[in-house]
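Record features, source TrEMBL:
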DOMAIN    10-81  domain 'Agenet'
DOMAIN    84-140  domain 'Agenet'
DOMAIN    164-232  domain 'Agenet'
DOMAIN    235-291  domain 'Agenet'
């Protein structure tokens, strides 16, 4: 978006629907829906706006109004010209906590749901497709796709092939959609490709129903990732630190809720909102596989 030194300045009128980018701590990277109430003064480019879903008090009876620079406002983005097929590693804006937040898809789930890493929260959440949109920029009164979206459209086929490069015998981690196991990563070995964008894998800890051998399944490539590198934790974990906890033969994403004695920790599982106690030996720092790189929140 243009900066204040540009010769072009956006003009808004009372009643205009807008999206608002707050600058308060804790709202970085978000857009919230609102309405222009009035211009602050005749010859200024500051506006009084009212949020749709943020309130001025804890009772939730009075909507919040703020006076903001024009660069913090934009019209609501237009709907996409065609249905968006979201996929692994897409940059997105996700509707969460009453606003649109910058993030990236880190896994696909069944039923049209996606695991999204939200940068503003430093956490992973699962959202439905209807709560996602591709990022766009409002530049000098025109909507333009973000660079990531342009690259997505230009290199879609090449990008897809890039994330599918798993070879026979490769040690990986797999995200499963099985009931009771959603949100956990399990160690596995690539056996062979199995159709377009899928692989036959063999789990290293999960066994078949009669417990005679390790379970084999065909998994979509978007739910497979390399094994994360080891990170040595010297001084222990901190409260609110993102971790993976080894539980029921897999690694589950969680947050440190409480530091206990003897290197024990109370961990809150994000996917299920449950708390369980773990020793440090069964925890590792959480990492996300984004754009071919490991990212530590």
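Placement of Cβ uses the backbone N, Cα and C atoms for every residue, glycine included.
Small disclaimer: the values here were computed from a predicted structure and weren't measured.
DSSP labels the residues of the domain 'Agenet' (164-232) in these numbers: 3 helix, 35 strand, 31 coil.
Taken through DSSP, the domain 'Agenet' (84-140) splits into 3 helix, 35 strand, 19 coil.
For the domain 'Agenet' (10-81), the DSSP-based tally of helix, strand and coil residues reads 3 helix, 33 strand, 36 coil.
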